[in-house]
Every structure is written in C-alpha cells, then in structure tokens.
Amino acid sequence: MANLGCWMLVLFVATWSDLGLCKKRPKPGGWNTGGSRYPGQGSPGGNRYPPQGGGGWGQPHGGGWGQPHGGGWGQPHGGGWGQPHGGGWGQGGGTHSQWNKPSKPKTNMKHMAGAAAAGAVVGGLGGYMLGSAMSRPIIHFGSDYEDRYYRENMHRYPNQVYYRPMDEYSNQNNFVHDCVNITIKQHTVTTTTKGENFTETDVKMMERVVEQMCITQYERESQAYYQRGSSMVLFSSPPVILLISFLIFLIVG
C-alpha cells in the first residue's frame, strides 16, 4: 500500500509540474506583441481575414462599415449588434443569448453513490433498509410437485429484502435471520391487504427464497464495507496525504 502511494505521488507530481509550467508560459497574440489579437489591424503578415466580394472598408456589398448586406454595425442581415438574422447580441443563434437562462441544478453524486450502496431507508420500520431488486433464485425442493409449484408461483414471492446495516450484527447468521423475518412479515402483510393469502407451502418456499436473497445481500454489504475500509486506509496513508496537500498547493497557487 505504501509503495502504491509513493508511485501515485511521483506520477501526480510529474504531471502537475508540467501543467504548472504550461500555465506560466506567455500566450501569443497578447497586447503589444507581434501577433495581433484583432485581425486586420496592423499585423505584420497582412490581414488574416480580407474583405470578400471586392468591397473595401466602408464600401457597400462587401462587409462595409455601417453598410447593409455585409455585417455592418447595427444593420440587419449580417450579424449586426443586437439585430436579427446574424447571431447578434441577445438574438437567436448567438452565444450570448444564453446569459439570462437559469443554470440547471447539479446532482450531488456523493449522495447518489451513498444511497445506491446502502439502500433506501424505509420509513416506519425502525432503520431497516430496502435492498435492490434481485432475480429470484432457482431452488429445488426435493419433489416434482414443489418444484413445479415454485416455478408457477415464484412471481408472488419477494424480490427485495429488508435489512439493517451489517455492522449492527455480530455474524452472518444473525443478519440473515433478522432479514428473513422482517422481509416475510412485510411481504405477507402487504399482500394480505390486497386480498391474497399464502398457504403453508407458500410460506415454506418464501423462507427458502428469502434466505438465499438475504445471504446475497449480506455478501454485497460485506464487499461494500470492505471497500469503504480500504479507501479510508488508502487516503489516510502519509504519501497520499502529502500528494493531496501538494495538489491543493498547485491549484491554489
């Protein structure tokens, strides 16, 4: 882990040092330099954008100053100041027409990632969260009748589980046991209010199905918990702290 942090430090120092030097280089075409920022005004190489159609400065039909049909100052049909048909100031097609539009709200990606990793907290269930939808597992119950019954009725069984954060449990068995109980209870109550009842066979199969889903949920939570712990260890190492401090110095400076 320390070697990885050192290599990251060397790589970012080299990259940001090069960027820092690029920022300090003078840009061509500045004020009082050899290259003119405004074409046609005394550049050593002549006018980069000569008038079209044979018309000189101040002549009609050739982009003249204040004349029609050529992009004149304040005149139509040529992109004039504040006039239509040419992308003028505040008119259609111009880049400045976007100034007065309200900016779109930005989505907080950190909150989205946290909600996706931890699941949605369910109100009224005392801190239980609802996991993401899963495909119902393929289970064999030991008899052709039960296997066929399961295939025909699996759509009536839960495809999401309720659970608490895994750090509230001492082991996987406790997590799975609590997950199975609360999930079957909530699904049974919700379905019963819709006028549908479950038989003993349904309850038996639901227990098997939900148990497999709760085990899968525990494995997902364990992996996410391990990744969060690894990230904390990585960002708390001295090389990474030094790297972040150096990057902040370059950005601010």
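Including glycine, each Cβ sits where the backbone N, Cα and C put it.
Sequence annotations record features per position, and here Swiss-Prot assigns Cu(2+) 1 binding site to H61, G62, G63.
Look at Swiss-Prot and you will find H69, G70, G71 tagged as Cu(2+) 2 binding site, backed by a curator's inference.
Annotated Cu(2+) 3 binding site per Swiss-Prot: H77, G78, G79, in sequence order, evidence recorded as a curator's inference.
The Cu(2+) 4 binding site annotation in Swiss-Prot covers H85, G86, G87.
Secondary structure from DSSP puts C179 (disulfide bond) in a helix. Other Cβ atoms within 10 Å of the Cβ of C179 (disulfide bond), summed over all protein chains shown, number 24. What Swiss-Prot records for C179-C214 is disulfide bond, and it gives experimental evidence as the kind of evidence.
In sequence order, the list of same-chain residues 6 or more apart from N181 (N-linked glycosylation site) whose Cβ falls under 8 Å from its Cβ is empty. Annotation comment: Swiss-Prot describes N181 (among others) as N-linked glycosylation site, evidence class experimental evidence.
Packing around N197 (N-linked glycosylation site) is summarised by its Cβ count: 8 other Cβ atoms lie within 10 angstroms of its Cβ, all protein chains included. Summarising the annotation, Swiss-Prot assigns N-linked glycosylation site to N197 (among others) and lists experimental evidence as the type of evidence.
According to Swiss-Prot, the GPI-anchor amidated serine annotation covers S230, on the basis of similarity to another entry.
Annotation comment: Swiss-Prot describes 23-38 as region 'Interaction with ADGRG6'.
The repeat '4' annotation in Swiss-Prot covers 76-83. A mean pLDDT of 48 is what the model gives for the repeat '4' (76-83).
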Per DSSP (helix/strand/coil reduction), N197 (N-linked glycosylation site) sits in coil
Between the C-alpha atoms of C214 (disulfide bond) and N197 (N-linked glycosylation site), the distance in angstrom, to the nearest integer, is 23
Where N197 (N-linked glycosylation site) and C179 (disulfide bond) are concerned, what is their Cα separation in Å, rounded?
21
Surrounding CB atoms that lie within 10 Å of the CB of C214 (disulfide bond), all protein chains
24
